[in-house]
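What TrEMBL annotates here:
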- 39-63: transmembrane segment (TRANSMEM)
- 75-96: transmembrane segment (TRANSMEM)
- 133-153: transmembrane segment (TRANSMEM)
- 173-193: transmembrane segment (TRANSMEM)
- 258-287: transmembrane segment (TRANSMEM)
- 299-320: transmembrane segment (TRANSMEM)
- 332-353: transmembrane segment (TRANSMEM)
Amino acid sequence: MVHTGACIANLLGQGGSEKYGLTWKGFRYFKNDRDRRDFITCGAAAGVAGAFRAPVGGVLFALEEAASWSPSLSLLWRSALLWRTFFTTAVVAVVLRGFMEYCKGEKCGLFGEGGLIMFDVNSVKPAYSIPDLLVVIFLGVIGGLLGSLYNYLVDKVLRTYSIINEKGPIFKIILVMIISFLTSCCSFGVPWLSKCIPCPSHVGDQCPTVGRSGHYKNFQCPPNHYNDLASLFFTTNDDAIRNLFIAGSDKRFLLSSLLIFFVAIYFLGIITYGIAIPSGLFIPVILAGASYGRVAGSLLSPFTVLDVGLFALLGAASFLGGTMRMTVSLCVILLELTNNLLMLPLVMLVLLISKSVADCFNKGVYDQIVEMKGLPYLEAHAEPYMRQLVA
């Protein structure tokens with residue numbers, strides 16, 4: 001969605017496309033570097049706002065990420081650009097709300113479920129003390145280490161894929177087919193490693209779930225039983241994240257199942273990114289981080305009073321901080337996604353720690369990709385040898 005928003009903005013910023021006969025004379029006025037950069041910033045913000053229903057997070061994402069490529073922060077933090085980006089995401093939020101109202105009653109399939117808040121964890125009131133903060137710090141440190149390892153492996157895989165993709169379209173298609181086959185084998189094979197669990201008595205007819213969406217998948221289990229691994233693999237990504245974020249569900253997933261799911265999603269996300277399909281990093285990273293957080297919550301439950309659902313949220317934050325290396329925008333996006341402002345101090349703490357730890361090992365994933373592609377940009381700090389150069 002970020003890429004799509006930036007592409008549309010770039011098309012408008014250059015007055016359309018002469019190659020395909022799509023030109024608009026009215027947009028020729030904006031055909032200059034500054035307006036084009038502003039359009040692309042607004043397009044990226046609109047993508048985040050549309051994908052995560054987080055308008056304020058979209059503004060901060062575009063500005064925080066664009067700051068990495070701007071030669072001067074004074075070029076970026078202009079009030080005009082700020083209100084344009086804010087206006088763009090506000091329009092996105094209003095249009096989304098309108099479509100959700102129109103799509104009530106399953107007129108549009110799975111679209112529009114849950115309103116503007118995707119993973120509501122507001123029902124849990126976090127209470128924490130000094131030992132809980134130590135546990136959260138530990139969570140951030142491990143998240144930073146896992147995030148830096150993720151970036152290292154993504155960089156190696158992308159360099160390999162770039163060599164394969166350069167050989168021509170047929171090799172791109174073969175690579176996609178191989179990764180799709182491996183993903184299918186993993187998704188259908190891994191749930192066999194988990195055993196059947198009796199349905200909770202309070203859910204009634206909702207267990208086992210029928211259809212693509214839902215929280216309890218039967219997967220070859222007897223009646224009134226469900227397979228917890230299948231409940232994470234055979235559902236939409238939104239529902240899988242919602243399953244992991246749900247509070248007060250310590251017994252819903254076995255510890256072994258969470259470990260298996262974390263390892264599978266961790267490596268599937270690495271090998272999938274970079275092939276010739278529109279796949280992103282945000283959702284796989286949130287899924288892997290949430291499952292890691294649930295594992296940590298289950299293991300550290302004797303030392304803390306925090307719910308495992310909140311651990312999943314903090315795990316997702318730590319993993320996002322370790323891979324993306326953004327702080328303010330990620331914090332706001334997660335709070336807009338989950339509607340739990342009481343988690344603000346803990347999310348801020350875990351993001352700062354995971355980013356600081358990961359920065360000791362390598363750069364953020366976006367910086368690595370820009371460097372790998374050889375795109376020119378001005379570093380924030382000059383290399384030592386540059387001090388002796390004269391322009």
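Including glycine, each Cβ sits where the backbone N, Cα and C put it.
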Lying 6 or more residues past either end of the transmembrane segment (173-193) yet within Cβ distance under 8 Å of it, the residues of that chain are 161, 164-165, 219, 227, 229-230, 233-234, 256-257, 260-261, 264, 268, 271-272, 275-277
CB contact flag for the transmembrane segment (39-63) and the transmembrane segment (332-353), at least three pairs under 8 A
yes
